[in-house]
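Scroll down for the structure; my scribbles are underneath it.
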Ligand SMILES: Cc1cc2nc3c(=O)[nH]c(=O)nc-3n(C[C@H](O)[C@H](O)[C@H](O)COP(=O)(O)O)c2cc1C
Ligand SMILES: Cc1cc2nc3c(=O)[nH]c(=O)nc-3n(C[C@H](O)[C@H](O)[C@H](O)COP(=O)(O)O)c2cc1C
Ligand SMILES: Cc1cc2nc3c(=O)[nH]c(=O)nc-3n(C[C@H](O)[C@H](O)[C@H](O)COP(=O)(O)O)c2cc1C
Ligand SMILES: Cc1cc2nc3c(=O)[nH]c(=O)nc-3n(C[C@H](O)[C@H](O)[C@H](O)COP(=O)(O)O)c2cc1C
């Protein structure tokens with residue numbers, strides 16, 4: 001199976017099958033906002049503007065790293081880039097290893113022309129540093145994407161569940177450190193849906209990583225996705241047992257925030273409404289990222305659908321802010337109106 | 001759409017559709033009464049009499065502010081007024097802005113002739129103070145209704161979910177304060193189903209508000225109601241996300257009571273049985289208010305149905321008092337037999 | 001409706017309709033036994049013998065007060081008496097007011113001939129002391145039943161839900177005290193399914209009551225039973241609201257035990273298996289009583305069915321004792337192997 | 001009924017009927033692993049090797065004592081032995097009393113020829129020490145099985161639910177002690193699915209037992225199995241009441257570990273996936289045992305199915321270790337990444 005075919009297959013499966021974790025939720029349902037009946041602000045005055053890595057955003061929101069490499073996924077990237085630019089969100093590209101191996105696929109990652117002003121993140125599996133990729137390749141993909149940052153993803157279990165997976169994860173911390181020291185632009189690290197805990201976040205920050213996207217559990221589960229792909233019967237069965245593995249996103253945020261209070265954080269993994277973003281930001285995130293939940297709108301032939309979807313999330317975020325009486329993102333970050341749910345429901 | 005048409009539509013939707021909050025309850029189920037097997041009183045000696053704003057009531061109960069402005073809603077108000085007088089309850093009128101704008105609608109609020117002795121509350125959206133309404137208008141509606149008090153409702157989120165909504169809520173506290181200083185009769189403040197918390201209650205009392213109706217979550221959800229009305233697709237979708245927003249009524253009571261122990265309080269939002277009233281009063285309410293749950297009886301052509309409904313609630317309240325061995329409302333307020341439920345069920 | 005007809009109707013309803021409390025359980029499910037894998041006893045050595053009011057019992061178990069007064073209920077009493085004697089249980093008779101008012105019904109309570117050796121309890125509603133009944137009547141029914149004790153039942157809410165109910169409960173404590181001082185045999189007090197709490201138990205013991213049957217909630221709910229009987233529409237509806245009223249039996253036991261550790265206690269209300277009896281005894285009960293759950297076997301034409309049922313309960317009690325390695329009731333009373341359930345299920 | 005017929009019937013029932021405990025789980029769901037996004041190890045370096053009683057194992061896993069005595073169960077034992085040898089697991093034989101009574105059945109336990117290197121456990125009901133069996137018989141079965149240890153099972157409740165059951169459990173501790181002092185090879189003690197608690201474990205270790213298999217509740221329930229077998233109506237009904245009896249396996253582990261931290265422990269009872277084994281080991285087990293969940297593969301005509309099943313469990317165990325970044329069993333035993341589940345689900 002070619003790497004390109006895999007990319008298309010991932011999109012198909014995420015759209016058509018049940019690929020979310022089972023008996024596990026994001027943990028955002030354990031928090032709720034204490035309504036403020038007299039907000040003392042005008043709804044029209046609410047502002048979502050934010051900055052990330054020195055760039056202005058119209059909203060503290062992110063389209064998570066998802067795809068690229070094939071004709072179809074190139075069109076998805078284009079739609080997402082046009083929408084992100086229009087609404088002022090940040091955007092992540094999918095893993096760009098394919099661009100290094102198959103030059104003809106490169107254009108599918110070149111979305112800067114559709115999104116001249118927003119932060120764009122190039123993306124590579126951290127484990128590739130153990131499989132022959134290094135500084136030069138990283139520079140290449142960053143340039144290709146005209147990216148503001150390079151995001152390395154940690155996906156140990158996904159690799160295990162791919163029969164062709166790259167599962168040599170030893171010694172990566174050192175290699176990431178070297179990359180942080182040498183690369184000209186900021187490096188972020190993310191998971192792909194099982195979450196980053198506080199201890200690891202502390203290590204990553206201490207070796208020079210600029211920002212962390214916790215990419216926690218409760219949304220897309222990659223063991224579930226790969227379960228549908230694999231023809232290896234034992235891996236298929238084992239995948240079932242791991243459908244509730246991972247650290248819920250809200251819990252990642254709490255743990256990371258406790259260990260590295262000043263780290264630049266992105267919360268993602270299972271977010272769907274704008275209320276989720278409001279909770280994520282109140283828990284300490286600078287950006288709130290959406291992956292799978294945006295995909296259905298992003299695969300439409302024209303960008304209006306995904307633009308509408310982003311607008312909906314912003315509207316919900318604004319209403320949540322109106323509901324607790326804060327008029328800007330700084331206020332949301334400092335609110336004391338996010339409180340524990342009574343019984344987690 | 002005219003304001004009158006909206007009034008009729010609200011009644012229709014509340015009667016015919018599922019408009020209650022989802023995954024959210026009043027919180028009264030977290031409390032239960034400790035049965036007293038030997039009450040040492042006679043059932044026939046139990047008295048529900050109470051006073052509110054100096055007027056005598058046969059029961060510490062309130063028909064919540066709901067409607068008026070059209071032929072149909074005028075008849076509902078008439079039924080409710082006749083029933084409230086018969087049973088000795090207090091009664092709130094729906095928002096009277098329509099009466100200021102459409103003089104022909106005024107008579108639908110003139111229920112004093114049907115209810116000469118009970119406390120009647122005039123009603124206006126607090127936000128209207130930011131849209132051209134002031135002292136004079138307030139006086140007008142109070143006179144029109146021959147009301148004992150003016151109740152201002154806080155409905156920030158309802159306004160957001162109305163495409164035509166009035167969402168400028170800045171600076172209202174000051175304006176309410178001025179009104180409190182000048183108006184000849186007491187001013188109360190209520191929510192419409194998302195609840196008032198302790199901090200805001202404290203502010204309201206400190207600026208001169210005479211009483212607070214917490215109108216908490218767990219009953220009618222106005223985002224749900226407006227969801228059915230709106231044709232704006234993003235608002236419709238956003239409304240779904242807010243179906244569990246708000247502070248459960250019992251929680252409002254606890255929080256407000258903790259912050260302003262001596263405030264005059266009304267508990268409403270999702271009450272249905274007389275046991276709910278008993279709990280509300282044991283939690284510190286002077287009156288317990290019922291909205292949506294009364295509507296089905298109130299829209300019947302003759303007042304017997306709503307009279308029967310009020311009688312049922314009183315009977316349940318009395319039985320609850322018999323069950324814990326208290327014979328009057330003062331005793332109920334002081335009971336130590338309201339205790340936490342084992343597991344909230 | 002005659003009092004006799006009511007007795008037959010109660011039996012019918014309890015057998016055929018759902019008359020148990022809703023959203024409320026006995027609380028025994030909050031406790032479980034810690035298995036002892038090496039009991040170090042022989043199953044055949046396990047003894048259930050106990051004493052109550054100086055009489056020997058083959059098992060610390062009681063058929064709760066249920067019936068009498070009509071031909072049919074007389075046969076039920078006969079079956080129960082034969083079974084209780086055969087298996088060595090104690091037995092309660094149903095309320096004997098009918099025997100005072102209708103001499104022809106007396107024989108239905110005269111079960112001593114079928115059960116010469118066991119403790120038998122005569123029974124009367126405590127509230128009758130406010131309706132013309134006194135010392136002499138009590139003596140009459142005790143003699144009639146050749147009873148070892150007189151049990152007064154407290155059933156305030158049942159009386160409320162009966163249109164013809166006797167609801168003057170004022171001043172009863174004093175009257176019970178007088179009875180305790182004068183009557184020649186011990187007086188017990190019980191509820192009928194809403195439970196007796198610690199505070200009341202303390203009062204009852206202090207005025208001379210010899211034993212208390214908590215008769216808690218989680219089993220038969222008399223508001224549910226009367227709901228089916230009444231033709232009064234408001235009472236019918238109100239009964240619905242009270243289907244979860246009352247103190248769960250296990251909670252009564254904990255509360256009463258805390259306040260009056262040395263009181264002689266019977267645990268009843270919702271017991272069905274012999275494991276329930278084991279828990280009740282480990283929580284401090286001297287006898288464990290079964291009402292509704294025995295009725296289906298008791299109404300069979302011959303006593304074998306109810307005898308079998310009692311034997312089953314004894315067998316389950318014995319197996320539970322074997323499971324925790326105690327060989328007699330004293331050991332069960334002192335066991336430290338009754339522990340809280342993990343999550344109440 | 002012959003003892004052999006019973007053996008075949010047990011297999012049938014366990015395969016075809018619902019024989020697991022009701023409203024009771026292993027307790028492993030109360031624990032979860034905290035994912036480590038950067039494991040810093042290579043998947044291929046993960047080693048499962050372990051030792052037990054001085055013998056090397058390729059995995060710290062055990063096929064629990066299940067069967068033998070008839071033609072069919074002999075074949076099952078052969079399949080399991082071949083698989084255990086192939087995968088390097090330990091293996092327990094079913095109760096060998098039948099081999100003592102029926103010499104023709106002996107060969108069904110002689111699996112050493114199929115499994116020359118692994119630890120094999122001979123098995124006998126401890127209660128048989130009260131029914132004429134002693135040192136000599138134990139030696140006989142150990143020799144017959146060429147076993148590395150003798151495991152005595154405690155099955156008090158199973159015996160109770162067998163009409164023909166041996167229920168004299170008095171004085172066993174002393175007899176086990178004597179056996180421990182005299183027998184040449186180590187003696188282990190296990191339950192059969194209701195669990196061993198800390199207090200008993202402490203006693204067993206203090207009298208010389210070499211290892212304990214807690215065999216807790218949450219998996220096979222022997223009251224459920226015997227319920228299907230018995231024709232005794234009271235026992236059948238009583239069995240229903242005991243379907244949630246027993247100490248959940250994870251709870252046994254916690255309790256035993258607290259009382260005898262250095263004891264050699266096997267965790268079994270309801271394990272199904274390799275994640276369960278990982279949790280069991282992190283909770284302090286040296287081996288994790290699987291009973292009923294292996295049976296379906298073991299009854300297949302050829303050993304591949306059970307071999308595959310064992311391989312799957314190992315794979316899941318390895319993936320769990322990769323997920324928390326430990327590369328050997330010692331690391332797993334010491335991990336601090338096993339944490340309480342949020343809500344036990
Ligand atoms: C179709 C698809 C492809 C993805 N590809 C990548 C990728 O190439 N690189 C990466 O870092 N994460 C990738 N992810 C993971 C997401 O960035 C995100 O961390 C994860 O899906 C959890 O967020 P969600 O629950 O909102 O989907 C992908 C996710 C999806 C749904
Ligand atoms: C049909 C309807 C109309 C209402 N109109 C008003 C109104 O005009 N003014 C107001 O203060 N509250 C209004 N309310 C809110 C109620 O007074 C009450 O606060 C809310 O419905 C929560 O109580 P409930 O759950 O018992 O319905 C209305 C409620 C209903 C159901
Ligand atoms: C049909 C029936 C009749 C009863 N009659 C009496 C009675 O006359 N006197 C009394 O003290 N309790 C009476 N009880 C109440 C029982 O004694 C017992 O307290 C109650 O039913 C709770 O126990 P249970 O859940 O096991 O049924 C009656 C119960 C039933 C089911
Ligand atoms: C069919 C079957 C037969 C068993 N026979 C024995 C036995 O002879 N001796 C023994 O110690 N345990 C026996 N057991 C109990 C198991 O060893 C184990 O302790 C119990 O089944 C709990 O584990 P599980 O839930 O994984 O099945 C048997 C279990 C099964 C399913």
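Along the chain as shown, the residues are counted starting at 1.
Each residue, glycine too, has its Cβ placed from N, Cα and C.
The annotation substrate binding site is assigned in TrEMBL to C:6, C:7, C:95, C:96, C:97, C:158. Under the heading FMN binding site, TrEMBL lists C:64, C:65, C:66, C:67, C:95, C:123, C:190, C:220. Summarising the annotation, TrEMBL assigns Mg(2+) binding site to C:159. What TrEMBL lists as domain 'FMN-dependent dehydrogenase' is C:10-96, C:173-334.
All features noted in TrEMBL, drawn onto the structure.
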{"residue": "C:6", "record": "substrate binding site", "DSSP class": "helix"}
{"residue": "C:64", "record": "FMN binding site", "DSSP class": "coil"}
{"residue": "C:95", "record": "substrate binding site", "DSSP class": "coil"}
{"residue": "C:158", "record": "substrate binding site", "DSSP class": "helix"}
{"residue": "C:220", "record": "FMN binding site", "DSSP class": "strand"}
| remark: The binding-site residues listed are C:6, C:95, C:96; by CA-CA distance, the one closest to residue C:64 (FMN binding site) is C:95
| field | Nearest-integer angstrom distance between the alpha carbons (Cα) of residue C:220 (FMN binding site) and residue C:159 (Mg(2+) binding site) | value | 15
| Largest separation between Cα atoms (Å) of residues that the record links to substrate, namely C:6, C:7, C:95, C:96, C:97, C:158 | 17
| Using a Cβ-Cβ cut-off under 8 angstroms and a sequence gap of six or more, which residues of the chain neighbour residue C:190 (FMN binding site)? | C:65, C:151, C:152, C:153, C:154, C:196, C:212, C:213, C:214, C:215, C:266, C:268
| Candidates near ligand 3 among the binding-site residues C:6, C:7, C:96, judged by a Cβ under 6 angstroms | none
| note | Neighbouring CB atoms within 10 angstroms of the CB of residue C:7 (substrate binding site), all protein chains considered, total 24
| query | Are any of the binding-site residues C:6, C:7, C:64 near ligand 1, with a Cβ under 6 Å from it, and if so which? | reply | none
| note | Counting every protein chain shown, other Cβ atoms within 10 Å of the Cβ of residue C:95 (substrate binding site) number 25
| remark: For residue C:158 (substrate binding site) and residue C:66 (FMN binding site), the CA-to-CA distance in whole Å is 14
| request: Starting from each candidate's C-beta and looking 10 angstroms out, tell me which of the binding-site residues C:66, C:96 has the most other C-beta atoms. | output: C:96
| field | Candidates C:64, C:65, C:158, C:220: member of the binding-site residues with the richest Cβ shell (10 Å) | value | C:64
| Nonlocal neighbours by CB distance (under 8 Å) for residue C:6 (substrate binding site), same chain, sequence gap 6 or more | C:229
| query | Which value in Å gives the longest Cα to Cα span across the FMN site residues C:64, C:65, C:66, C:67, C:95, C:123, C:190, C:220 as recorded? | reply | 18
| message | Can you tell me which of the binding-site residues C:95, C:97, C:159 is spatially closest to residue C:66 (FMN binding site)? Compare CA atoms only. | response | C:95
| task | Can you see whether DSSP assigns residue C:190 (FMN binding site) to helix, strand or coil? | result | strand
| request: Measuring Cα to Cα, tell me the gap between residue C:95 (substrate binding site) and residue C:123 (FMN binding site) in whole angstrom. | output: 5
| field | Distance from residue C:67 (FMN binding site) back to residue C:7 (substrate binding site), taken between C-alpha atoms, in Å | value | 7
| task | For residue C:97 (substrate binding site), find which of the binding-site residues C:67, C:123, C:159 come within 10 Å, Cα to Cα. | result | C:123
| field | Local confidence of the domain 'FMN-dependent dehydrogenase' (C:10-96) - pLDDT mean | value | 97
